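Trainee: Quick paste of what TrEMBL says about this protein:
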DOMAIN    C:62-429  domain 'Ammonium transporter AmtB-like'
TRANSMEM  C:21-40  transmembrane segment
TRANSMEM  C:65-86  transmembrane segment
TRANSMEM  C:93-114  transmembrane segment
TRANSMEM  C:134-153  transmembrane segment
TRANSMEM  C:160-179  transmembrane segment
TRANSMEM  C:191-209  transmembrane segment
TRANSMEM  C:221-240  transmembrane segment
TRANSMEM  C:260-280  transmembrane segment
TRANSMEM  C:313-333  transmembrane segment
TRANSMEM  C:402-425  transmembrane segment
Amino acid sequence: MERPRHQGMAKNTYMRWRLPLVCLLWEVAMIVLFGVFVRFSPEADAHWEEEKREMNLTSDIENDFYFRYPSFQDVHVMIFVGFGFLMTFLKRYGFGAVGFNFLLAAFGIQWALLMQGWFHSFKSGKILIGVENLINADFCVGSVCIAFGAILGKTSPIQLLVMTLFQVTLFAVNEYILLNLLHVKDAGGSMTIHTFGAYFGLMVTRILYRPNLEQSKDKQGSVYHSDLFAMIGTLYLWMYWPSFNSAISEHGDAQHRAAINTYCSLAACVLTTMAFSSMLQKKGKLDMVHIQNATLAGGVAVGTSAEMMLTPYGSLIVGFICGIVSTVGYVYLTPFLESRLHIQDTCGIHNLHAMPGLIGGIVGAITAAAATEDIYGKEGFIKAFDFTGTYKTRTPSVQGGFQAAGIVVSLLMALAGGALVGAILKLPVWGDAAAENCFEDDIYWEVPEDEESDVYHMHNPDKPASP
Amino acid sequence: MERPRHQGMAKNTYMRWRLPLVCLLWEVAMIVLFGVFVRFSPEADAHWEEEKREMNLTSDIENDFYFRYPSFQDVHVMIFVGFGFLMTFLKRYGFGAVGFNFLLAAFGIQWALLMQGWFHSFKSGKILIGVENLINADFCVGSVCIAFGAILGKTSPIQLLVMTLFQVTLFAVNEYILLNLLHVKDAGGSMTIHTFGAYFGLMVTRILYRPNLEQSKDKQGSVYHSDLFAMIGTLYLWMYWPSFNSAISEHGDAQHRAAINTYCSLAACVLTTMAFSSMLQKKGKLDMVHIQNATLAGGVAVGTSAEMMLTPYGSLIVGFICGIVSTVGYVYLTPFLESRLHIQDTCGIHNLHAMPGLIGGIVGAITAAAATEDIYGKEGFIKAFDFTGTYKTRTPSVQGGFQAAGIVVSLLMALAGGALVGAILKLPVWGDAAAENCFEDDIYWEVPEDEESDVYHMHNPDKPASP
Amino acid sequence: MERPRHQGMAKNTYMRWRLPLVCLLWEVAMIVLFGVFVRFSPEADAHWEEEKREMNLTSDIENDFYFRYPSFQDVHVMIFVGFGFLMTFLKRYGFGAVGFNFLLAAFGIQWALLMQGWFHSFKSGKILIGVENLINADFCVGSVCIAFGAILGKTSPIQLLVMTLFQVTLFAVNEYILLNLLHVKDAGGSMTIHTFGAYFGLMVTRILYRPNLEQSKDKQGSVYHSDLFAMIGTLYLWMYWPSFNSAISEHGDAQHRAAINTYCSLAACVLTTMAFSSMLQKKGKLDMVHIQNATLAGGVAVGTSAEMMLTPYGSLIVGFICGIVSTVGYVYLTPFLESRLHIQDTCGIHNLHAMPGLIGGIVGAITAAAATEDIYGKEGFIKAFDFTGTYKTRTPSVQGGFQAAGIVVSLLMALAGGALVGAILKLPVWGDAAAENCFEDDIYWEVPEDEESDVYHMHNPDKPASP
C-alpha cells in the first residue's frame, strides 16, 4: 500500500477520452433504460382528468405536486447548492467541489429514479414517476454527496461517477430492506441517507488511504473568501433541512410536524456548536469548520424521528447533544481517525453525518418504541407507523426493535459496500491525482491565470512572482 | 465616556468560558421551558385526523402548512442568508456578519417562540406551535438582525446574545400592545419589526458610542468581493420580501394582494435608488452601499399596508419615495448622525429600516383610514380589518388613529428598550473589542492564514510581506 | 463603423444627469400608467369572498396564489440571482453584471406588467393583475436578461434601460402573435423568451460591433472567485428551471409534467456538457465557461414541449443533444461569429439560448404534431392544446405547423427588433464606454480601493506595487 514519494508525479490524470466516454455511454444507457421503463405517474400524466374522476378528487390542488413541490425545490437546492458550496471551503478546490458535485448528482438522480423506481414505483412493467420520485432521487444522491465529502480533493471525476453508480445501487437495496422488509420509518433518512452514506464514504476513503497526503497539506486549508462561499452551503442546508425531513412524510400533520421538529433541533444545535467551538480552542475563538458543519448535525439526528411525536423539546435535546458530539468529533476524533485508523476524512463527514446519523437512528427507535395511542390518537397511531395490513399487530416496542435493526443493516451495508467500491476505485485506471496534487483544481480544470495566482506564488520563494 | 487612546489594547476579548457558558445555560433554559410549555398545534399534532373531522375539512391540503410553508421558507432565507450576507460587505468582518447573525437568530427564534407563544398561542397552560409561529419567530428575530446592523463589528457575541434576549422580550410586549390592545394591522411589520428594531438598535449604538472608532476606519470599508457577497444578501431580501409581507396575512386574497403590492413597491424603489445614487455623487457613479440597501426600503415601507387595498400604483408611489429618502439618508444623514448625535450606525439601518419603517406606519394609517366598504366589499372590509367582536363598530378613521398610535408606541418602546439594553451592554464584562480592533474577525474567529493576508500586509510597509 | 484607436478615451461616460433623469421620468410614467390602468385581479382583490361564492369555490386554497406562488418565487430568483450572478464571471465587472441586471429587470417587470396586461389581462379598461401576471413579467424580462448577456460589459446603464423599453414592447407583441393569433403553446418560452431574446441580443451586439475590443481583452476573462460567484447563478438557474417551465402551465398534471420533463432534460445535459468540455480541450480539462452555461441548455430546449407528453426519455434525449450543441458552440462557433460575422457575444448566448431555443421550438412542434388522443386521453388532449372554441377542429399536425411558424415569427421579430434597437443604441448620446474601458466596473461604479487592486497592478510593471 505504501507508495514511494513522488511516484505520483507520473500518475496519469489525463481525462480527455476516459471522462467523455463514461459520461456519454452512461447517459445513453440512461436514455435506453428510461425509454424502456420510465413513464409519468397518473398525477403527471395527461390522463389526470380521468384519474381525478376515479379518485373522486374535486380540485387540481389535490395533485401531489402541490403538496410536495415546494419541499422538492428546497431539497434540490440542498443537494446542488448546499452540498456543492459547503465543500468549496478548500482554497483551491472550489471548481472541483461544486462542479464534481454537480456532475455526480446529475448522473445520480437519473440512476436513482431507475433503481428506486424498480423497487418502489414499478407497475405493469413501467416505473411511474411523479414529484415524490424526484425527491427520493435527490435523497439517494444526498448519500453520495456525503460520501464525496470524505474523499473530496483526492479522486478523479471518473472515480466519483463509478462510486455514484455503485452507491446509488446499494442505497436502493438498503432502502428496500429497511422500508419494505423491516417496515422501518425513516422519512428524513438518518439511517438510509446519513448513516449509510457516511460509513460508505469513510470505508472508501480508508481503502484509498494516501500515506503521503501531507505533501498537499498546504492546500487542505481554507482562505477567507472560500470560508464565506462554504457558509452559503451551510446556511442553505440549515434553512432547508426542515423541508428535507418533511418532504416525503404523509400529507398533513406529519409534514407539518417534521418541519417543526427539525427547525427546533437545528436551532439548539447552533448554540452548542458555538459553545464547544469556543471552549475547545485555547484562545477561545470560534472555528469556521465547526460552524460550517456541526450546526447541521441537529438536522441529521432527527431524520428518523422528525415525523413522529418527538415534540419540540425532544428535538431541542437531540440538537443540543449533536452540536456537542459533532464539534468534539472535529477537534479530537478526526485527527485520531486519520493518524490511527488511516481514515482521511476531508470534510469530517464522520462528525456531521456518521455519528449524528447513528444518534438519529437510535432516537428514532426510542421514539417509536415509546409511542402510544394516547400520544398519537387512535387513527394517528396507525397512520404514523403504517400499522396496517401485515403490520396490523406490530407493537411500538417491536417497531423500535426493527428500527434498531435498520441501523445495523445500514451500517453493515455501508461498510461492505464501501469496501467493495473502494477496492474498485483503487484500480490504477481512473486517473486520480498524485498525493502532492490533491486538493488542487488545476489537475482537472482550466483555471484562470488570475492575479491571485501571483499572490499564491509569493509563498514559493523559488518561483518568480511574475512570468 | 471618553476613553483614553489605546486603553482598548487591554480589553479582554477572551471568550473561552463566557461564551460557552451563556450558550449552554441559555439553551438548557430553552429546553426546560419548551418541555414545560411547548406542544404541537392541532394541525401539526398526530391527532390531526380527529381535528379534521371536527373542523369539517375534507382534505389535508387545508392544513395551514400548505398555505404558509413556502412563505416561511422564504422568510427563513431572508433572516439567515439575507441579513447574514447583506452584512458581509465589510472587508474583514464576513465571519462575524454571517456567523453572529446565525448565532443570535438561532437563539432568538427559540426565545421568540416562547415569548410570542405566551402572548398569542397559549391554551390551557401550553403554547401550541405551528408554521405560523415559526414565521412569527423569524419576524421577531428580524428586528434583532436589524438592530445588529447598527452595532455590526463593534460588539462581542455575548453582547449580541444579551441584546437578543432583551429585544425579543420587548418585541413581544410591543407586538402584543399593538396587535391585541390597539387592534392594529401590521402584517409585514413596518412598525413592530422595522421601526421598533431600527430605533432600538440606534439607541443601543448611541449608548455604546465609541469616540475613537476612527482608529479602525480602514476596516470599515468593503473590498470588491465582499460587495458581491453582500449583493447575495440584498437580492434574497429583495426577491423574497413579497413573501415576508404576505406570510401571515389571511388566507386567500390578502396573501395574494400583499405579495403584489410589495413586488410593485420594491420594483419602483430600485429605480429611484439608482437615480439618486448617481445624482448625489460628483462623478455620477453608482455606489454599492445604496444599491445594497436603499433598494430594499420599498419593502419596509409597505409592511403595514401591503395586505390592504393599497393598489399597485399606490405601492409604486411608496417605493418611489422610499428609494429617494433612503439614498439621501445614506449620503447626508448617516454622517450627520455620527458626527453630531454620536450615533455610529455601521449598516445605515436608519436609512433602510427606521425612516422607511416610519413611512410604512404612516402609509398604513392613511390606507386604513381611507378604507371604505365600496373598495373592499362588505365582507372584505370586515375581514381585512377584523372589525368583529369588540371592534365591530370601529370605523376606518378610528382605525387609522390607532394605527398612528401604534407607530408612537413602537418608537417609544424601542427608544426606552434600546437605552436600557445599551446601558446593560456597556458593563465591562461582555468582552467587546477595543476601538482599534473593531470590524475585525480576528478577535473572535480563527481566521485562515491565507494568501490574501500577505496582500493585506502589503499596505503596511513596516511588516515584511512573508513570514 | 471603424473608430480610430483611442478615440474612445474622449468618450463621455458621465452619468450624473442622464441616468437619474431616465430613471425618474420613466418611473413617474409607470406610476401614471399603473394609476390609470392597473388593478388587482379578482383573486387578489378584497372582493374575493364574493368571487369565491360566484365561482363556487369552497376553500381559499383554490386561489391561484397557492398554485403558482412557489413557482413564481423560483422564477424570481432565476431572473435576479440566476442571471445576475451567472454574469459575474468577468474579473472586474461583477457590480455591473449583478447591478445593471437588477436595474433593467426592476424596470422591465413594471413595463411588462403593462404591455402584457394590455394584450392579455385587459378587462373593461383595466389591467387586472395576479400572480400569473407577475410570472409572465419575469418571463418577459428574462428575454432582456438574455440579450444583456450578449452586450455585457460594453453598454451603459442607460442603453440597457432603452433596450429594455423596446425589447419588452416587442416581446409582448411577438408573444401576442404566437399565443393568441397562431394559438401556439410555449409555456416555458423556448420561442418567446429564448429564441426571441437571444437573436434580439445578437443583432444588437452585431450593430454595436466594436472593432477595437481586443484593447480590453485582459478584462474579458474570469478570476478564480468570479467563476465561483457565477456558479451560484448557474446552479439557481439549473435547479429552478423546472419551476420556470411549469410556472404558467395548466393546474394539475401539466405543471407536474412540465417540472419532471425539465428536470430530466437538465440532468442529461450536465453529462454531455462535461463530456464535450473535456473532449474538445487538448489537455482534457474541464472548462468553467461550459459548465456555467451549457449545462442549462437542456432547460431552454424543453421550454415549449415540457408541458406536453414529451416523456422522461424524450427529455433526456433533448438534454443529451443540447449539452453537446451548446458546448461545441462555445468552442467553435463563438470565435467564428466574432471573427467572421462581427458578433461579439460576451456570454455566448448564441450557445445557451439561441440554438437551444430553436431546438426547443422544433421539439415542441414535433411533439405537438405527434400528439394523439391515445397518448393524452380524450379530455387531456383538448386541455393540453386548448383545442376549444375557434380551435376545436385543429389537428395535431396543423398545430405542429403553427408551432413551426411561431419559431419563424419569433426569429424575424427578434432580428428586426434587434436591428432597430441596435441602431438607436448606436447614437452617441447614451454614455457607453470606449473599447479600452469595456468590462470594467470602474466606469459606472464607485469601486472600493481594495487590497486586490495592488495585486491587480502587479501585472503592470510600470506601476509601483505599493503607494
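Positions of Cβ are set from backbone N, Cα and C atoms, glycine also.
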Trainee: Can you give me the average pLDDT across the domain 'Ammonium transporter AmtB-like' (C:62-429), rounded to a whole number?
Mentor: 97
Trainee: Relative to the transmembrane segment (C:93-114), which of C:65-86, C:160-179, C:221-240, C:260-280 accounts for the most Cβ pairs at distances under 8 Å?
Mentor: C:160-179
Trainee: How about long-range neighbours of the transmembrane segment (C:402-425): same chain, 6 or more residues beyond its ends, C-beta under 8 Å?
Mentor: 147, 155, 159, 162-163, 166-167, 170, 173-174, 177-178, 182-186, 191-192, 195-208, 304, 358, 361-362, 364-365, 368-369, 394, 432
Trainee: Any contact between the transmembrane segment (C:160-179) and the transmembrane segment (C:21-40)? By contact I mean 3+ C-beta pairs closer than 8 Å, pairs at least 6 apart along the chain.
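Mentor: Between the transmembrane segment (C:160-179) and the transmembrane segment (C:21-40), contact is present.
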Trainee: Who are the chain neighbours of the transmembrane segment (C:221-240) in space, where the CB to CB distance is under 8 Å and they lie at least 6 residues beyond its ends?
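Mentor: Hits for the transmembrane segment (C:221-240): 74-75, 77-78, 81-91, 94, 266, 270, 288, 291-293, 295-296, 299.
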Trainee: Does the structure show the transmembrane segment (C:65-86) and the transmembrane segment (C:134-153) touching, where I'm treating 3 or more Cβ pairs under 8 angstroms (sequence separation 6 or more) as a contact?
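Mentor: Yes, the stretches contact each other.
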Trainee: Look over the recorded stretches C:21-40, C:191-209, C:313-333 and say which has the most C-beta pairs under 8 A to the transmembrane segment (C:260-280).
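Mentor: It is C:313-333, which has the most Cβ pairs under 8 Å.
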